[in-house]
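One structure below.
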Amino acid sequence: MKVKVGINGYGTIGKRVGYAVSKQADMELVGVAKTKPDFEAYRAKELGIPVYAASPDFVPRFEKVGFEIVGTLEDLLEKVDVIVDATPGGMGEKNKALYEKAGVKAIFQGGEKASVAEVSFVAQANYEKALGKDYVRVVSCNTTGLTRTLNAIKDYIDYVYAVMIRRAADPNDIKRGPVNAIKPSVEVPSHHGPDVQTVIPINIETMAFIVPTTLMHVHSVMVELKKPLTREDVIKIFENTTRVLLFEKERGFDSTAQLIEFARDLHREWNNLYEIGVWKESISVKGNRLFYIQAVHQESDVVPENIDAIRAMFELADKWESIKKTNKSLGILK
């Protein structure tokens, strides 16, 4: 069985998920919906991907420049089994009525409230909870990053305190900032902690800052342990955790710039670093407290989760079979 997949919103996340879908033997990319005929729409067409207008209201935009569309989102929904909604935050909830009317399963992204879906999802943490579901939310890039490493040590966790150092904008985003400031999120906790709790039931508090960079987020994590764990134990656990990589400052990984360069050296599409990067030297245990620092490529870490969510929703594979297939297809190192 090949699941027929549509994508609503072919931008930073949508185009990456579209690429990932095209690499799966059990999925077929049927088409993508766009609001305007920008360079991403033209590129999709060049790749042979059918392009639809996200609404009848947007059709004139395409007609004005002679961009031939296949139809509208409603037409696309008639041809797919599942729609991946990669529209800006808040739009997914508005779009849900369309998906329900069409009788199509849907995957939402982390910009939506948890209430939009039946389950919030990170594959290695709660794959089984998405089995057979109609509506699944893949949590945000930051929440995915936190969940991957914390889930690996969840049996040792008493309480987590984490600081999110967030990138200001994606590389192609000219509308967001700041450019010359550090912007704190003065609400405590930031939304990331409660979001982690929608996936794994742990005690966690988070704070967040936005800084003038585009490459990656960085998390400073402190964990109060409820039972003994050594630095060597943590290193071994992370070494054996899928979609988590250890990077060493000693080998030149001084910053997020080198992590992105590493992804470029792997010839990854859009220099995707699907894996969460933990600096090995930062892993430290002092008494009952564990510390570590990790980096999150906000443009790509959620991509494999979308693929695994599709398999779970259609019960195409069990957890580790799906993760293995996704990892292999995308060149994820482990």
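Using N, Cα and C of the backbone, Cβ positions are placed for all residues, glycine too.
If you look up Swiss-Prot, you'll see CYS141 marked as active site, nucleophile, on the strength of sequence analysis. For CYS141 (active site, nucleophile), the number of other Cβ atoms no farther than 10 Å from its own Cβ, over all displayed protein chains, is 25.
Sequence-distant neighbours of ILE13 (NAD(+) binding site) (same chain, 6+ residues apart, CB-CB distance under 8 A): ALA86, GLN109, GLU299, VAL302, VAL303, ASN306. According to Swiss-Prot, the feature NAD(+) binding site maps to THR12, ILE13, GLY111, ARG167, GLN298, an assignment based on sequence analysis.
The DSSP secondary structure for SER140 (D-glyceraldehyde 3-phosphate binding site) is coil. The D-glyceraldehyde 3-phosphate binding site annotation in Swiss-Prot covers SER140, CYS141, ASN142, HIS192, GLY193.
Here GLY193 (D-glyceraldehyde 3-phosphate binding site) comes close to VAL160, ALA162, ILE204, GLU205, THR206: these same-chain residues lie at least six apart in sequence, with C-beta atoms under 8 angstroms from its C-beta. THR12 (NAD(+) binding site) falls within a helical segment according to DSSP. Of all the recorded positions in the record (THR12, CYS141, GLN298), the one with the smallest CA separation from HIS192 (D-glyceraldehyde 3-phosphate binding site) is CYS141.
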